[in-house]
Amino acid sequence: MGAEDTGGGGLPASSSSSNPRRTGGSQSIARGANTQGYDEQSPLLNNDANNVHGEVDDSQVKKSIWYLLILTISIGGLQIAWSVELSNGSPYLLSLGLSKSLMALVWIAGPLTGTLVQPYVGMLSDNCRLPMGKRKPFMIGGSIATILSLLFLAWAKEIVGGAARLMGFDPESKDVKTTTIVVAVIGVYVLDFAINTVQASIRAFIVDCAPAHQQESANAMASRITGFGNIVGYIAGYVDLTRHLGFLGKTQFQILCAIACFALALTVFVSTAFIKERDPRLDGPAKKEQQGVFSFFFTIFKSIKRLPPQIKRVCEVQFCAWVGFFPLLFYTSSYIGEIYVEPYLQANPHMSPEQLNKLYEQATRIGTFALLINSIVSLLTNVFLPFFIAPTYDSQPVTGIPGESPAGYYDSDEDEKPSWLDKLAIPGLTLKRAWFLSLLLFAGCMFATLFVRTVKAATVLVGLVGITWAMTLWAPWAIISAEISRRDALIRAQKMRLAAARANNDGTADDEEEEIDQAGVILGIHNMAIAAPQIIATVGSSIIFKLWQKPRGTPGDHSISIVFALGGACVLIASFFVAKIKDDASMPADVMIEAEQGRSGTEEAPERRPLSRRKSTKDQLPRATQARATLTRHKSFGGAEMH
């Protein structure tokens, strides 16, 4: 294999690999060791250590803003498809004749498939050894399945009606309508299965291809693109597309699905075509284990027990929070719509079915507009809020290049002049604290839905929780991704040290290695913490709707507000779990230094001036220089390299 088969992708890094001062020595972290012709100096301290079996591992070299953009753009296309289902799925199913209580049970498809599919896809992709990469096959296959299921769902009525005519049935009969509902529900399950496959592979793709010190920036970029995808999807849902793009379909939902299919296909093509995954065959053969159902659950439970503490804490927060987030995702447009139609129903309680359909169609567009405001607020939060938050988890990987300040140690002579962007950071406002405050905001807004009775006020509430949504798409993923990336760097360093030891001791070194879960499995478990509580929320919502909902077209239905308020209480509980999350890096800096430099306990370490135990959290982070890591983060957030 040549050097072109490895590394972070097909786009150039923003810093030259020939300049160790710019790369921070991150190329010294390689994925293997050349056991032949081994230099007595630690390969991690050797500038030629990058050459491993003829490969150059540039996975830890700083990437440009364009690289991060193309790396994460596929999640924007997926979000457009997701926003179509969120904003128009419930009204579409209601228009087919499905009741609210049954509709709530239909949406259990998302969390159910998320709980099972994402961890399984993560495990399969971790063990994938195709030359094109671990994640790309699942991104492409899942995208094809998503496109087909979207089209099937949008044209379910026409498909069932056409089949009924061929068999001599009346398309308007009750049996055919019931069959249409059943087919549409099946389409929802297939769609959620496909979407979860794509999402699991894209998230792992980002973790694998972004360097450790840019994980926070990469996930912030993914959050911004997600917000942009939401905006595109909701703008399309708010506009009367049948008037402008009638050639794509007869109904608003059909046209939206067609647009979503095109966006998903285009963005996934861009990411998979221009970002080069590291050849997974370099990691050696896949684990020889059964991939059956029982083996899957055994592997997942075993992985949950050995989750790193930091990731386990994030999962605890997500489990409580998503009981409250889930109802807002699926019932916002219906909630705004119920408020919108209330005065019309009071003025004319005996509307014809045609009048009701027209009124609720307009109500759906009004509800989609509220979601649009939510997405705009979320995007603005993702763009501007990072300037005011002290970088916490985007730590520079440890370095062994001579002349570079070692990780975990501070040298004022090495510090570069702080950027003016550094001055915007609010002292004490860490990513964790911003996440905590956003959860409190969400809980307050959900409690307020019990008392709000105007469309404008309800739209303001939905817009405000866009701040929470932005933090939810950013904070947990940044914390987990940084943890995974640091652990992966440490594992690669340890493997090189073992290989070096075997070379020095004629192969007598202990070959036993601790089993460590890869990104796919860990992200899958995190998604289980997101998806499992959604099942609780779905069942609870169904019970509440059964007790308090009123027939369609009847004024005074506030059942959705009750669901929102109970969800707010769960999010309030989640906010207290955030306090357990650490602001500093979870991996001890001295451990990473020792692993990278390949020192044993008896070797003499170079003399360094350690950080004071009283220094701030920012100073304690394992980064080569604080200013360089901060500038890296701000360039990503501010788009400085795009001008």
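Heads up, the Cβ atoms here are built off N, Cα and C, so glycines get one too.
As the structure is a computational prediction, the values presented were derived from the model and not from experiment.
Positions annotated as region 'Disordered' by TrEMBL: 1-51 (among others).
Sequence annotations record features per position, and here TrEMBL assigns compositional bias 'Gly residues' to 1-11.
Residues annotated as compositional bias 'Low complexity' in TrEMBL: 12-26.
TrEMBL lists 27-50 with the feature compositional bias 'Polar residues'.
Annotated transmembrane segment per TrEMBL: 65-84 (among others), in sequence order.
Beyond the transmembrane segment (104-125), the same-chain residues lying 6 or more positions past its ends with a Cβ under 8 Å from any Cβ of the stretch are 89-90, 93, 98, 134-135, 137-138, 142, 185, 188-189, 192-193, 196-197, 199-201, 204, 291, 296, 299-300, 326, 330, 519-525, 527-528, 530-535, 537-539, 541-542, 545. The transmembrane segment feature in TrEMBL is assigned to 104-125 (among others).
The transmembrane segment annotation in TrEMBL covers 137-156 (among others). Within the same chain, residues 74, 78, 81, 84, 121, 124-125, 128, 130, 180, 183-184, 187-188, 190-191, 193-195, 197-198, 200-202, 205, 249, 251, 253-254, 256-258, 260-261, 264-265, 268, 271-272 sit at least 6 positions outside the transmembrane segment (137-156) and bring their C-beta atoms closer than 8 Å to a C-beta of that stretch.
TrEMBL lists 176-195 (among others) with the feature transmembrane segment. Within its own chain, the transmembrane segment (176-195) is flanked in space by residues 78, 81-82, 85, 89, 92-93, 96-98, 106-107, 109-110, 112-114, 117, 142-143, 145-146, 148-150, 152-153, 156-157, 159-161, 164, 169-170, which lie at least six positions past its ends and keep a Cβ under 8 Å from the stretch.
Sequence annotations record features per position, and here TrEMBL assigns transmembrane segment to 253-275 (among others).
Feature annotation from TrEMBL assigns transmembrane segment to 366-389 (among others).
What TrEMBL records for 434-452 (among others) is transmembrane segment. For the transmembrane segment (434-452), same-chain residues at least 6 beyond its ends with a Cβ under 8 Å from one of its own Cβ atoms are 321, 324-325, 328, 335, 339, 385, 389, 458, 461-462, 464-465, 467-468, 470-472, 475-476, 558, 560-562, 564-565, 567-569, 571-572, 574-575, 578-579.
Annotated transmembrane segment per TrEMBL: 458-480 (among others), in sequence order.
The transmembrane segment annotation in TrEMBL covers 528-548 (among others). Same-chain residues lying 6 or more positions outside the transmembrane segment (528-548) and placing a CB less than 8 Å from one of its CB atoms are 100-102, 104-105, 107-108, 110-115, 118-119, 300, 314-316, 318-324, 326-327, 331, 557-559, 562-563, 566-567, 570.
According to TrEMBL, the transmembrane segment annotation covers 560-579 (among others). Through the fold, the transmembrane segment (560-579) approaches residues 313, 316-321, 323-328, 331, 334-335, 338, 432, 435-436, 439-440, 442-447, 449-450, 452, 468, 533, 537, 540-541, 544-545, 548 of its own chain, all at least 6 residues removed from its boundaries and within a Cβ separation under 8 Å.
As annotated by TrEMBL, region 'Disordered' applies to 594-643 (among others).
The feature compositional bias 'Basic and acidic residues' is assigned by TrEMBL to 601-610.
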